[in-house]
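One structure is given here, and the rest of the page talks about it.
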């Protein structure tokens, strides 16, 4: 009977092999997420500058990026469906789209997606560009976690710049790690907002002896370097932006009970005690009150007071 | 002489210290904001565009970057360090900059019908061992799957039961039963998914079974009777057969006319809307009460069992529940309550 019914129903698609099951699990939403990866693609027309720049950004982002080699004739600001499709396909939630046309020459669109829908994108025009290969110095190894520095008050005051800062941080920050090798800190991405432009510079940092523990820093430009101008923006609404930031409850640290700190950072613990049994208190012993041999003193089972342990 | 030399020495040491620090210290009007977990720094100081234009652009940017990097490096070098395989690593704190997630957080899986029931009754999952002793093969085998222990499908001989038809294929029967079970399970799985997604699925309807109950038969008859072009209007009835239940016909109030009736109705409606006391739905309340009682009973039973075993909380029921627990379960499951009818 159930066999007959089953034929008509097709609802839940279940992975048929273990491999496909694992694949789906890898892509399913997770409590603590993996590193976001980026897809780097070019539009219908690109200039030499844009193509080279995309390659350079790809080499900065490398293990967590997909470089699309073919043209994709799409305009993200007009229709983002194809981006969303590619995002689903490669499981990338960051994108960089490069294009070149008369109206907007040498155009970059940085963007990110939330739940396979565009969250925000910001269009930047390249005014000046020096590629990675033009500067002849020794480069940083691939996949180095860069230090990101944003300078300029626009990044703190202007709304679009603020969002751009968040986007660039998201794009370039690399994996979240619990520890870094101090000698391996050598790549610096410096973003400066000045006079309506954004200067992106990439440096290698040389640790020099300073005489004390902390080294003195010397910088050496390694490229790529860009002078950007801000063009169109598409920012997520506040609701969506807030929703995207929502962390699951399980990730929030639990509040510790009975521990508090005062203004100076001193730790206080609150201890809960049961009523003390005073009959067992050791008082001063006197000859007159001493137990005599024949006397039977009834024993009382008093409970030990419970004391919460607090480390200090 | 000695005092002088001491002073001189101190001064010299101080100077040296200052000299050392000078190479790594940077003066900024506003302090930088650091998020060391992301190796991120942001400099909120105003950049004078005059300076920018006077100097060479690249040099200005580089010097700005150097100062900022120095400050960030100073901050990183303050972190606790340790040695891992010939390299000195600094422990990074958690990143503090809020960044949007890639996908929304995973939703908890909706409980299946069985899980709901088990929770209500306080039934717990029991962990079964993977291997069981196979008496025939005299070895430990898997409980399920390929080469499983006590595999009934692998028997080459089946005794025909006395009551069974001797010509019946017992092997085929077994296979068919198995397939039925699998299909039923699949159907239930799909139903669970549909319920979790709040999709309306059509009922199973009338299914061919070996022995139909009276209810099922009655339903079949009524369905058959109404399945005519005139929706069963001119269908003959057997003697003593009850009229089939039909849906209620809608009746409308006259458009104009009975004002007093209408007024009364409106007033009643207003009274309900105005009244603070919620309307009591007796069916719902009784059901709720029953569920509550069931749950309490299950909780109490579980607690008793846990107390006996001397275990705490959410342990899987590995140990065999003895006495009270097992009995209680049966009693709970066996008891049935009349569900109050709708009115």
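From the backbone N, Cα and C atoms, a Cβ is placed for every residue, glycine too.
Record note: among B:196-227, B:228-259, B:228-259 is the stretch given as region 'Disordered' by TrEMBL. In the compositional bias 'Basic and acidic residues' (B:289-300), helix, strand and coil residues by DSSP number 12 helix, 0 strand, 0 coil.
Secondary structure counts, DSSP: the region 'Disordered' (B:228-259) has 1 helix, 0 strand, 31 coil.
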